[in-house]
Amino acid sequence: MACPWKFLFRVKSYQGDLKEEKDINNNVEKTPGAIPSPTTQDDPKSHKHQNGFPQFLTGTAQNVPESLDKLHVTPSTRPQHVRIKNWGNGEIFHDTLHHKATSDISCKSKLCMGSIMNSKSLTRGPRDKPTPVEELLPQAIEFINQYYGSFKEAKIEEHLARLEAVTKEIETTGTYQLTLDELIFATKMAWRNAPRCIGRIQWSNLQVFDARSCSTASEMFQHICRHILYATNSGNIRSAITVFPQRSDGKHDFRIWNSQLIRYAGYQMPDGTIRGDPATLEFTQLCIDLGWKPRYGRFDVLPLVLQAHGQDPEVFEIPPDLVLEVTMEHPKYEWFQELGLKWYALPAVANMLLEVGGLEFPACPFNGWYMGTEIGVRDFCDTQRYNILEEVGRRMGLETHTLASLWKDRAVTEINAAVLHSFQKQNVTIMDHHTASESFMKHMQNEYRARGGCPADWIWLVPPVSGSITPVFHQEMLNYVLSPFYYYQIEPWKTHIWQDEKLRPRRREIRFTVLVKAVFFASVLMRKVMASRVRATVLFATETGKSEALARDLAALFSYAFNTKVVCMEQYKANTLEEEQLLLVVTSTFGNGDCPSNGQTLKKSLFMMKELGHTFRYAVFGLGSSMYPQFCAFAHDIDQKLSHLGASQLAPTGEGDELSGQEDAFRSWAVQTFRAACETFDVRSKHCIQIPKRYTSNATWEPEQYKLTQSPESLDLNKALSSIHAKNVFTMRLKSLQNLQSEKSSRTTLLVQLTFEGSRGPSYLPGEHLGIFPGNQTALVQGILERVVDCSSPDQTVCLEVLDESGSYWVKDKRLPPCSLRQALTYFLDITTPPTQLQLHKLARFATEETHRQRLEALCQPSEYNDWKFSNNPTFLEVLEEFPSLRVPAAFLLSQLPILKPRYYSISSSQDHTPSEVHLTVAVVTYRTRDGQGPLHHGVCSTWINNLKPEDPVPCFVRSVSGFQLPEDPSQPCILIGPGTGIAPFRSFWQQRLHDSQHRGLKGGRMTLVFGCRHPEEDHLYQEEMQEMVRKGVLFQVHTGYSRLPGKPKVYVQDILQKELADEVFSVLHGEQGHLYVCGDVRMARDVATTLKKLVAAKLNLSEEQVEDYFFQLKSQKRYHEDIFGAVFSYGAKKGNTLEEPKGTRL
């Protein structure tokens, strides 16, 4: 056969100079005082006599191209390029190398398969005959051209001679053999071409071991041991590859059946659990079937399963002294070592195939070194692997029950930090994912400069954590296949033809037809079971997503006995109520007793229904805040409407108070409702249904599961509050307090002036809120401390520890940072909100008198509890006083009392007008329970503020309120409605308008203020300031309603709207597209809304439904704004009592 010269100059490459890369691969032998040479490599033959391994050829040949990365055949014409952009820095690459791609990837014109793990285009299967000569020859010549094209200086004669020799060898034998130099070149170029490898910057520093003369499995084992010894290098990892004989006819392959040279076993235990690495279950069982003796540990190194010359595989145990393992520990958490984790130091891929010049090498194990996330994120945290994430999260004290706490992110970061720390401490080579990403970006720049492209698989190269923080995230990439290349292979045990049937592993596979029949039969049975079950529909309406989460939780519980489905109210048709058997509703209450926006449509349809043709059972759970008088109003409205329609209530309507034990209340109600449903519908085997532990684990409090330990460290107050509430807490100082009410008034409303520490604090806008973290009253705290049974040192810093679910170790409870019991009761825990029913149930165990215990148990019933709660509104101290036999431990208080929440106040100043200050308008709250006959109670925050002295610190943070700000267009007219302390945000409005007028020359539109109070000589807040704003033209008009003028009828803000401002309101809202703002308590807001709707309905002749839609549109357009607060009490003092609770006051 003549040499096909037409192939000679097919390969074209591109010029480019590359800077010499630092050898961090440890392949270079470093003599002290000598300058390392980049071409010097460690010769493994030097280990021959020490280890007794056979001699074999290594990559130290002298005829390797001087610079593999300088391919410099200049093209005569510039190929068409693809533009690649880095969206992080704007850098542009032009890829021309993709024209040399040798095969199509899996993606199609209408289908992207980039995220498929092992696509067909990247996988080579077995062969049953040699590669045809007509296929082999062009590929061989293509590779020879590529090899000789990589030299700095052309070697024409040698190039032509080699082409001639290869051609004749193929013609004579049907195949050809690579020289050592060509093999070294091929292995390195295959690494260079690997699109899924992030560490390719080291591609030229690969040590090549030539084991092509190997003939038996025993020899393979010795070569692999040599590889492991060299590459491990006592922890100073060196990248290496061992190449075994090439494929001939496909029937005499050399294969390594392991996916990695070193990997841990995974065992399926009798109880169904998995011990070890779940990813290796199948291969571990294969090893056992082949005669390996399992040890059933978590980290057992699997044996090598080696196939030589197509023979049946043989099993070889790796000598333990060859396997370097790293024990995991954390730089901060001592308990991390208790997890008993470790990992092997050498990541050596063993099951890939090297393709080069038409030749295939199905056994070519190679290694680099680890990137930390491969172990810390994938091996340890993947759910299908060791899956330690939640255990670490619990030990860290994170809120693993809620995704919004970001516990997964925090835990995986610490696990990754532990891996890096452990490897570095034991001097084992590892690279963090940020450094790896940076190195790849450098490699990519080099490649585009050197050869006009760099194949890269973005999905694989972006690390599994940090995302856009790494530079590779922002880099566009092209993915294509070049030759030489490393391909995936089909697992050998799936295609191997066994010669000794005795060695064949026991077949466990189920035939496909049998499997299909089994699945079909099971699905039929399940359909029958589900069809026979009672249908349960779970409806939800939500603004924040909380109700939906609880609805799905409820459906999961009911799915143990019912055929459940979850539906949002906006997707539910009211006429389908006729088909229901069991209806469960979970909904929040929004605004002034309204339903959430996604429940509006169903509410209208439901409340227009007159009767049901078919009745059903139902139960309702409402979420809300007891600060508002319309607490869970929408849930109760649904309950009443369904009852009136004839449906039967399955369980009393549940209430979840966001201020007190909402989750506990839901779990208790869910279990109660589930059991009632099982009884009502006579569910088969209802007594055998095991309710999930998470619904019942909080029902009791076991002292032996908690303990207090002394802690030498404690956080300062701001850091502690930031940790507890996940807020950016800063300190302000009290400048002054001024009582805005006159001496004639028995009440107190404060103008609170706070100053920033430092030159300037966080920015804020008019209408936004300041959240303040108050302290509980000293008398309440001391009273509780005196009744705690194990509190000898209330000022000693302690840490609460909780016994893990397994009962094997203690973990720190991160709900509270280390603190003293006094500090916790003062600043961190809510001791004024009445205990929940569940808390009373837990308290009952500490009562030493039986009558007290029985009474506490009785209060766990909803009717008893509600009467007791709303009559007494007891603080925790009053509960201890009512039941004096209670002996409560400190751990109970730290673990069970609710967190003291911040109090929000509308900011009453403009930052432009008073740059270094924040002003608040605060009503000081005092009231008596039991119709004025009970003990005197004080608002937590208002009382705390009233007792502050100048320069006292105030921990706080700014909360943005995007829906309650001045119009973007200052020319739009506004109506501001705010009686009492509802005036607070409007003071910031007029200060901002004053500043804009004086310093920016901006003239605002009409701003009409409607204010309300009792008497002009008692509580007309900011009266003189309002008058000044009118004189300066900032306020257009001020209208005031007085409700306590002697001899005159009570006038409220809604009366002014109806009698004096009807035309102005209609003009602003309808004619001029202006804005209306309402700030105050919910009752006032409801009355104002009712008045406005009547006014607009009369002006436009609208029906009730039409006017509701009109105001819904106003809110959607963000022209009707409400800032509503609650804390209006049904247990207020009798009329005339000087301690009567002011409406709408924040506590």
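Even glycines carry a Cβ here, placed using N, Cα and C.
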Notebook entry, point to check: Of the residues Tyr480, Tyr488, Tyr572, which is given the phosphotyrosine tag by Swiss-Prot?
Noted result: Tyr572
Note to self: Candidates are Thr564, Thr587, Thr826; I want to know which one Swiss-Prot annotates as phosphothreonine.
What the structure shows: Thr564
Next item on the list: Among 23-27, 398-402, 503-507, 598-602, indicate the range for which Swiss-Prot gives the feature motif 'DINNN-motif'.
Entry: 23-27
Next item on the list: Pick the one from Thr700, Thr797, Thr926, Thr929 that Swiss-Prot also lists for the NADP(+) site with Arg747, Thr981, Arg1014, Ser1043, Arg1044, Lys1050, Tyr1052, Gln1054, Asp1087.
Entry: Thr926
Check: Which of His769, His1039, His1070, His1075 does Swiss-Prot put in the same FAD site as Arg903, Tyr905, Ser906, Thr921, Ala923, Tyr927, Val940, Cys941, Ser942?
Finding: His769
Next item on the list: Name the one residue among Cys107, Ile459, His769 whose Cα is closest in three-dimensional space to that of Gln260 (L-arginine binding site); these are the binding-site residues.
Entry: Ile459
Next item on the list: Write down the Cα-Cα distance for Tyr927 (FAD binding site) and Lys1050 (NADP(+) binding site), rounded and given in Å.
Entry: 23
Next item on the list: Based on Cβ atoms within 10 Å, give me the single least packed residue among the binding-site residues Gln260, Thr921, Gln1054.
Entry: Gln260
Notebook entry, point to check: Including all protein chains shown, what's the count of other C-beta atoms within 10 A of the C-beta of Thr981 (NADP(+) binding site)?
Noted result: 28
Item checked: Whole-number mean of pLDDT values that fall within the motif 'DINNN-motif' (23-27) -> 42
Notebook entry, point to check: Quick one: Cα separation, Trp369 (L-arginine binding site) versus Arg747 (NADP(+) binding site), in Å?
Noted result: 73
Check: In sequence order, which same-chain residues at least six apart have a C-beta under 8 angstroms from Trp460 ((6R)-L-erythro-5,6,7,8-tetrahydrobiopterin binding site)?
Finding: Pro195, Arg196, Ile198
Next item on the list: Select the closest residue to Thr542 (FMN binding site) from the following binding-site residues, measuring between CA atoms: Cys197, Tyr905, Gln1054.
Entry: Tyr905
Note to self: Under 8 Å between C-beta atoms and at least six apart in sequence, can you list the same-chain neighbours of Phe473 ((6R)-L-erythro-5,6,7,8-tetrahydrobiopterin binding site), or say none if there are none?
What the structure shows: Gly88, Val462, Gly467
Notebook entry, point to check: Which Cβ among the binding-site residues (Arg747, Lys1050) has the fewest C-beta neighbours inside 10 Å?
Noted result: Lys1050
